[in-house]
Amino acid sequence: MSGNANGVKASESATTNKDVQLGRPKVRGVDIMRDPILNKGMAFTLEERQLLGIHGLLPPALLDQDKQVYQVMQNFYRWGNDLDRYIFMMGLQDRCEKLFYRVITENIDLMMPIIYTPTVGLACQKYGMVFRKPRGLYITIHDLGHVYDILCNWPVDDVKAIVVTDGERILGLGDLGAYGMGIPIGKLSLYTACAGVQPRHCLPVMIDVGTNNEAIRNDPVYIGLRQKRVTGEPYDKLIDEFMKAVVKRFGKNCLIQFEDFGNHNAFRLLETYRHKYCTFNDDIQGTAAVAVAGILASLKITKVPLKDNVFIFQGAGEASIGIAKLLIKAIVKSGRTEEQAFNQIWMVDSRGLIVKNRPKGGVTGEKVEFAKDHQPVDSLEDIISKIKPTAIIGAAAIPGAFNEKILKEMGNLNKRPIIFALSNPTSKAECTAEQAYNATDGRAVFASGSPFKEVSYKGKTFHPGQGNNAYIFPGVALAVIAANIRDITEDVFLASAESLSEMVTQEHLDQGRVYPPLQDIRSVSLRLAKEIIEFAYSKGLALHHPKPKDLACFVEEVVYNTDYNSYVPPLYEWPEYITSSNAKL
Ligand SMILES: O=C([O-])CC(=O)C(=O)O
Ligand SMILES: [Mg+2]
């Protein structure tokens, strides 16, 4: 390839867009129609049908991709519920990948609630019924000693990103065992839909060590191991073997995103692996970045400087601790000492306010450094009246935790209270958008992890923001893959949070938004990737050399193209001495 419209040479990019160079596929005949990567449905041209040996295997009409999109959308609307829409879209992904991604990217705000939260949560709960065709790899505790062999069964060699779960904490739904596989699949669909990561570079992985969810173990159509979770040494050995096998099979630049592990493993595994492998934990670090971005944007509405805010976290798990730690970095950057920053952050868990020497105990691990010198207080209502926060952030998957009294109190304490109900899916949110606006006379600055529709209150329309790590992980992944960032530091996540918050315009703020609209998530993710790459080069974290001159073009070059390839090879041009009648014999 010579150069694109912007003059960037393909050779500068980490991954050349091989799609457009495919020319003639190796597969022919009916097999090409059975391969979702190559299949074009009724968009195969007459020439292609003849050349590939599929003429007559399709009805005679040609339906180009535009018409196919129309057909998919008509069907999509026809389904009566979201779970059926999920199954329908997964079927499309299994049949025709390019069409699937074209439909998703063109209708991202309509499609995200289906292929991602909240519907993906419901799909995981019913995965035995939803399951049609396997996707990704299943590695079980019985495969100890053979993990590399399993990775070798994956047919693609140039995998660049893995999303892995052990299914122990699927969204806020708890232990769903192997049914949790819907999450890595959904996350990786967003890698492509939001950030244009090539689908063939992506691999979803389920590590099945059993499930402690008895109902799921007894489900007659359960797809995983029917045993209690294996913990301790064998568990650690399996994860360790997996990490090493990934490097052996796909190289040390292969990104490994940890997703929806239980708290007790998530922090531990992050600490063990973060400096040795190209890895991050989305629930700790991705969620942290999106929440801090939302907080930074909220301050433009509340006009309360970061250093004067007081935050209460409902929950002290992966999300809360992750957000709190990144927030501390942001507060310190704004001029406070670390000690002062810690004093602005209060945590609440199932045993009440996290204080030193709590009679009810339970302050261990990551929570310890957040424990305050304060009297124990049990109920969230009392905690809020005593601590007088400017912001409350819910991430404990306790639906209704922000009750009317609490929301009203937040409205009494603040001109513009910040209320983030981040637990997923929607059924686990701490309050609804409507409840937050109604209880605060429309003054709440509200965001939630799962989407809520606009709310009309006293003639004004509010657009609640979706504070979901989907605004972060696709852009991070694209940046990591394209620029070979191996060490994904906390500063990368802080830079991501700052970049995202800077993409929130005054117009967005006027609509009550603290994130750019979901329709814009693709351009947001690409810009984020570009800014992360810029940051990574400035800190010496990007190993792709030389640094490309034009980063926007560099990013554009690697992005997946949803147009169908032409399988008709370009005609050869015969040299003139052959075609010319004057050719000398
Ligand atoms: O998947 C989502 O919507 C966000 C997330 O990581 C979680 O809730 O675990
Ligand atoms: Mg998650």
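A Cβ is built for glycine as well, from the same backbone N, Cα and C atoms used for every other residue.
According to TrEMBL, the feature active site, proton donor maps to Tyr116. Sequence-distant neighbours of Tyr116 (active site, proton donor) (same chain, 6+ residues apart, CB-CB distance under 8 A): Gly186, Lys187, Ser189, Leu190, Ala470.
For the recorded site, Lys187 (active site, proton acceptor), the DSSP three-state label reads helix. According to TrEMBL, the feature active site, proton acceptor maps to Lys187.
Using a 10 Å radius centred on the Cβ of Arg169 ((S)-malate binding site) and all shown protein chains, the other Cβ atoms total 24. DSSP assigns Arg169 ((S)-malate binding site) to coil, not to a helix or a strand. Per TrEMBL, (S)-malate binding site is recorded for Arg169, Asn424, Asn468.
Look at Asp260 (divalent metal cation binding site): DSSP puts it in coil. Around the Cβ of Asp260 (divalent metal cation binding site), the same chain contributes Thr165, Gly167, Glu168, Arg169, Ile170, Leu171, Gly180, Ile183, Asp283, each under 8 angstroms and 6 or more positions distant in sequence. The divalent metal cation binding site annotation in TrEMBL covers Glu259, Asp260, Asp283.
Among the features that TrEMBL reports, domain 'Malic enzyme N-terminal' is placed at 93-274.
Taken from TrEMBL, the feature domain 'Malic enzyme NAD-binding' covers 284-537.
Marked as region 'Disordered' by TrEMBL: 1-20.
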Ask   = Three-state secondary structure of Asp283 (divalent metal cation binding site) from DSSP?
value = helix
Query = Of Tyr116, Glu259, Asp260, Asp283, which recorded positions come close to ligand 2, meaning Cβ under 6 Å from one of its atoms?
reply = Glu259, Asp260, Asp283
Remark   = Of Arg169, Lys187, Asn468, the recorded positions with C-beta less than 6 Å from an atom of ligand 1, in sequence order, are Asn468
Key: Distance from Glu259 (divalent metal cation binding site) back to Asn468 ((S)-malate binding site), taken between C-alpha atoms, in Å   = 13
Key: Pairwise C-alpha maximum, in angstrom, for the residues (Arg169, Asn424, Asn468) that bind (S)-malate according to the record   = 16
